[in-house]
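Features reported for this protein in TrEMBL:
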type	residues	note
TRANSMEM	12-33	transmembrane segment
TRANSMEM	104-123	transmembrane segment
TRANSMEM	135-153	transmembrane segment
TRANSMEM	159-175	transmembrane segment
TRANSMEM	182-206	transmembrane segment
TRANSMEM	218-241	transmembrane segment
TRANSMEM	262-288	transmembrane segment
TRANSMEM	308-330	transmembrane segment
TRANSMEM	342-359	transmembrane segment
TRANSMEM	409-428	transmembrane segment
TRANSMEM	464-486	transmembrane segment
TRANSMEM	498-517	transmembrane segment
Amino acid sequence: MAKHESRSMSIAQLLWYMGIATTIKLLVIPSYHSTDLEVHRHWLAITHSLPLSQWYFDETSQWTLDYPPFFAYFQRFLSVFAHLVDPQIVHLHHGLNYKASSAIYFQRISVIVSDLFFMYGVYRCTSNLPSLKRNLVWILAVWSPGLVIVDHLHFQYNGFLFGWLLLSISFLAQGRDLMGGFLFAVLLCFKHLFAVAAPVYFVYLLRHYCRGGLVKGFARLSVMGAVVVAVFAAAYGPFVYHGQIQQVIRRMFPFGRGLCHAYWAPNFWVFYIMLDKGIAFLLTKFGFNIPSPAASFTGGLVGDASPFVILPQITPMTTFILVLLALSPCLIKTWMDPRPRLITRSVAYAYTCGFLFGWHVHEKASLHFVIPLAIVAVESMEDAKHYFMLSIVSSYSLFPLLYEAQEYPIKVLLLLLHSILIWFCFSAQFTKNKAMKSTLQADKKAAQFELKGSSRTAAVNGGFVLGWLAKSYLFGVLVVEIWGQFLHPYLLGDKFPFVPLMLISIYCALGILYSWIWQLTQIMILS
């Protein structure tokens with residue numbers, strides 16, 4: 001009975017956190033939205049108006065369907081309700097660029113409702129944590145400014161997808177490997193970009209689930225394989241039946257897009273591009289005839305990948321190899337020590353590798369590792385310090401997604417309030433922990449200090465304190481923003497309009513590169 005009451009109280013508390021988050025999401029409905037709103041509206045129209053055999057062939061709009069089948073089925077499900085709200089939303093031709101309030105409100109609210117799945121994933125991942133840590137993870141994840149910016153302003157369904165990821169991780173952490181593998185396979189059939197963590201899942205499940213000798217191990221491997229095959233058969237089977245699997249794969253993997261997406265996502269390729277441009281500039285100054293590149297390094301639609309001027313060309317295969325090389329130490333560690341309590345770190349690290357070295361990386365993909373790391377952040381003070389810095393860098397790197405003036409106060413307030421809140425939460429947690437440790441030490445030393453004095457010392461000298469390097473770096477974020485938002489327009493006007501975005505990308509890339517190194521170090525030293 002007590003356990004049931006405790007669970008009911010936890011659910012009630014999570015609903016309170018969710019209620020606050022939902023209120024904010026409802027308030028920003030009229031705000032800016034990207035072309036992704038029209039992308040997903042058109043996908044509603046495709047899946048509602050056309051038979052399944054034509055979904056991945058339709059070219060009525062430039063925004064063709066390029067997500068895996070389960071997400072297409074999800075859009076088909078939503079289109080039933082969209083048709084009831086306003087039939088023009090799902091009209092294949094008359095609905096093009098349809099921006100009526102009915103369409104906007106329906107799609108915005110569909111994201112909010114689908115976030116219920118994210119809440120459930122967060123709940124399962126934290127169900128075994130002490131109440132203080134559980135509440136702290138809820139604040140980090142449920143009130144994530146990055147998710148609000150990407151899903152509820154820019155417009156995406158990442159919260160819904162992260163729900164599947166967190167559910168999978170929660171089952172793995174509980175030792176229920178078969179269910180964890182099943183849910184991850186389902187996630188891959190919703191969005192294939194989550195496949196970056198597939199090597200970690202494969203190695204972990206092979207070593208942890210398929211253990212127990214040759215016969216037992218082979219039997220379990222066969223069961224896991226059958227489950228994964230069944231999931232992919234349910235997703236892709238109808239398209240195989242219609243002889244369309246090649247078209248589906250072609251749509252899902254448009255490698256003709258550029259190395260980078262939109263503005264340069266803050267990853268390793270920022271430094272590579274800048275080095276290429278810097279060498280070309282210097283050679284030009286020394287009188288060498290350096291040809292200009294034929295196109296930009298970025299692009300949202302399918303086209304020819306842009307060549308570098310000086311440095312070797314980067315191909316999708318190059319990025320694939322680099323991601324695997326970066327991931328290999330984690331895979332070796334997982335093979336040698338496949339423990340459930342380390343799986344969240346390993347999955348987050350895999351997505352960090354994909355973000356840093358992958359092909360055509362979206363800036364919003366930083367959420368792939370920031371959200372899982374929210375669960376890790378409460379394990380130690382060092383994890384908390386790392387997460388505090390990373391969450392700020394990740395959220396700030398998303399600022400260029402909201403480029404209109406009226407959204408500027410929203411994104412700044414979201415980041416400031418969240419940073420202040422988690423600072424106080426981490427301070428409360430670790431000051432309390434330090435005080436408790438000091439009290440125990442005092443008891444062992446025959447009460448050399450009074451309890452009151454010990455607690456005061458812990459509050460003053462202990463707790464959540466960042467080092468000078470982290471403080472300097474975070475201060476640099478403020479400098480970059482002041483320059484790009486105020487000083488650059490005032491001093492240079494319309495000259496060099498790319499510089500503010502370039503500075504954001506380069507500076508945030510430094511922070512994420514540091515995070516990658518730090519995560520790898522923690523994975524290798526933890527035992």
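Glycine is treated like the rest: Cβ placed from N, Cα and C.
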Considering the transmembrane segment (464-486), which listed stretch of 159-175, 262-288, 308-330, 409-428 counts the most C-beta pairs under 8 Å: 409-428
Beyond the flanks of the transmembrane segment (262-288) by 6 or more, those residues with Cβ under 8 Å of it: 297-298, 300, 308-311, 314, 322, 355-358, 361-363, 365-366, 393, 397, 400-401, 501-502, 504-509, 511-513
Residues of the parent chain within Cβ reach of the transmembrane segment (342-359), under 8 Å, 6 or more residues beyond its termini: 125, 165, 169, 172-173, 193, 196-197, 199-201, 204, 255, 259, 265, 267-269, 316, 319-320, 322-323, 326-327, 330, 333-334, 365-366, 368-369, 372-373, 375-376, 512-513, 515-516, 519-520, 522-523, 526
Segment proximity, the transmembrane segment (498-517) to the transmembrane segment (104-123), 3 or more C-beta pairs under 8 Å: no
Winner by Cβ pairs under 8 Å against the transmembrane segment (135-153), considering only 159-175, 182-206, 409-428, 498-517: 409-428
